[in-house]
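Here's the structure we're looking at; comments come further down.
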Amino acid sequence: MEKFASVAALLLLLCFPVAFSGHDYGQALSKSLLFFEAQRSGVLPSSQRVTWRSHSGLNDGKSSGVNLVGGYYDAGDNVKFGLPMAFTVTMMAWSVIEYGNQLAANGELGHSIDAIKWGTDYFIKAHPEPNVLYGEVGDGNTDHYCWQRPEEMTTDRKAYRIDPSNPGSDLAGETAAAMAAASIVFRRSNPAYSRLLLTHAYQLFDFADKYRGKYDSSITVARKYYGSVSGYNDELLWAAAWLYQASNNQFYLDYLGRNGDSMGGTGWSMTEFGWDVKYAGVQTLVAKFLMQGKAGRHTPVFQKFQQKADFFMCSLLGKGSRNIQKTPGGLIFRQRWNNMQFVTSASFLTTVYSDYLTSSRSYLRCSAGNVAPSQLLSFAKSQVDYILGDNPRATSYMVGYGNNFPQRVHHRGSSIVSYKVDRSFVTCRGGYATWFSRKGSDPNLLTGAIVGGPDAYDNFADRRDNYEQTEPATYNNAPLLGVLARLSSGHSGYSQLLPVVPAPVVVRRPMPIRKPRVTSPVRASGPVAIVQKMTGSWVSKGRTYYRYSTTVINKSPRALKSLNLSIKNLYGPIWGLSRSGNSFGLPSWMHSLQSGKSLEFVYIHSTSPANVAVSSYTLA
């Protein structure tokens with residue numbers, strides 16, 4: 001028990017107590033994932049839980065000779081915009097990468113992975129050739145002229161693409177980032193699919209880097225709705241960072257080191273992060289690489305990236321040289337139209353950065369002085385609590401959460417009676433006359449949607465025509481997945497997916513250390529093989545701690561329906577298994593372990609590997 005307490009203290013070093021109470025973050029997480037199902041385009045699966053929706057966009061891409069069925073509608077309209085869709089998928093994947101175990105503990109890892117795959121399946125279709133990417137289906141002008149359900153829309157569904165003659169480095173770069181990040185998510189559960197995504201990511205990055213240009217100069221119909229104000233340098237750096245994280249290929253780390261200065265990664269001091277401007281995200285990821293000790297000869301450049309990441313975090317806390325505006329109620333405020341997108345994205349970055357700093361036993365360095373990492377997590381919590389109802393209006397800006405939430409959302413599908421209930425045709429302009437102008441509540445509850453939110457003075461008008469405040473968007477919800485998963489886990493929410501980085505420690509009286517075996521022999525019990533290896537170590541207060549990775553392999557030709565492991569001589573925390581008393585089993589999200597597949601779990605303690613053995617198992 002004493003040893004376990006010392007490890008727990010190590011993991012929570014510099015992270016002062018934060019009370020995660022008052023809201024049901026797990027419930028909010030579950031609801032937020034339902035919103036992505038409401039935004040699906042294409043043939044809906046039998047597992048679809050938002051039952052008022054039906055199939056739509058079944059001929060998308062047909063006129064261009066390509067299958068573009070699937071993907072997501074971005075917001076309250078029926079257009080598939082590639083840039084925000086790709087950012088949505090990147091942020092969902094990042095949430096799973098950092099907080100997969102917490103999502104699993106809430107029973108939502110499977111739904112999160114399904115949401116990511118709905119996007120990546122579409123991107124695979126949209127990238128039929130190495131240097132061709134379809135970046136939009138439909139256009140905002142004709143779509144916004146009509147108010148129709150997606151199941152029966154009559155608007156133009158023309159497909160728009162980028163290619164060497166019509167480049168779009170920002171669009172291709174963001175899609176490369178999404179594919180690379182998603183490849184990490186599927187690495188263990190679907191290795192073949194993971195490799196396919198990474199191949200697409202490599203090709204898209206090469207395309208983006210070789211044929212440079214802004215996508216809205218090629219797909220001009222997107223400019224009014226998702227114009228690329230920041231240009232494409234941030235997306236090229238963003239894609240390189242994700243490709244390095246996905247592949248560990250030195251080329252992409254070198255790309256960040258060589259181009260960090262010239263492309264603005266080390267120069268821009270940011271106060272926003274979102275689907276257009278990625279610099280704060282790049283700076284956060286590169287700071288992570290630096291903390292992990294991966295910078296090498298690029299350390300001076302990466303330190304400048306981290307200084308800019310610190311600037312962003314400090315500005316959110318009000319401890320920087322240039323701070324972000326907040327409403328009287330404490331919500332960060334960037335702009336009048338859909339301000340909530342910046343709130344959720346900033347909350348995600350502060351959450352992961354808090355865990356990164358805690359892992360490296362560092363402080364946040366602000367112009368007002370050093371700040372404990374826990375203050376970043378407290379900031380994220382304050383923003384989420386505001387969204388969920390702790391605000392001057394006592395309004396939840398997540399539809400379906402709490403007792404007082406928006407009832408008249410600017411959303412075509414939710415505001416018109418379900419196609420399954422009444423198939424009477426809703427005409428293009430008739431939809432405005434009959435449904436848009438209604439004063440009543442939406443006939444379909446858009447559960448989990450994060451709407452645009454209040455103005456700079458915490459004011460909010462729940463009207464369907466108030467699109468600046470009542471329209472939701474997928475990129476509002478995507479960053480919130482990781483934050484809600486992290487908050488729902490309380491103190492046990494430490495990011496197990498971030499390698500704990502050794503910090504320089506001066507040991508005044510060196511103690512002899514008996515090094516454990518780096519790798520234990522493969523042990524087999526019937527069809528189940530177990531192999532352990534040490535993947536990291538660090539010293540704290542004269543004691544050496546080790547991180548072990550254990551792989552369980554199903555060597556049977558049949559699936560494992562159940563598995564019970566006995567783990568003896570374990571003196572620290574463990575992640576990746578479900579626990580019942582002294583017995584350990586498959587994680588809650590994994591219903592079986594297929595033939596030839598493996599699962600991995602990790603633990604930390606200060607001695608040789610624990611004794612892991614199979615107690616029992618059941619084959620399908």
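Sequential numbering from 1, following the chain as shown.
Placement of Cβ uses the backbone N, Cα and C atoms for every residue, glycine included.
Copied over from TrEMBL, here are the features:
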{"type": "SIGNAL", "residues": "1-21", "note": "signal peptide"}
{"type": "ACT_SITE", "residues": "H410", "note": "active site"}
{"type": "ACT_SITE", "residues": "D462", "note": "active site"}
{"type": "ACT_SITE", "residues": "E471", "note": "active site"}
{"type": "DOMAIN", "residues": "528-608", "note": "domain 'Carbohydrate binding'"}
Seminar exercise, completed: CB contacts under 8 angstroms to H410 (active site), restricted to the same chain and 6+ apart in sequence, sorted by sequence, are G76, V451, R464, D465, N466, Y467, T470, E471, P472
For this session: Quick one: give me the count of other CB atoms within 10 A of the CB of D462 (active site).
Result: 17
Exercise. Around E471 (active site), how many other C-beta atoms are within 10 angstroms of its C-beta?
Worked result: 21
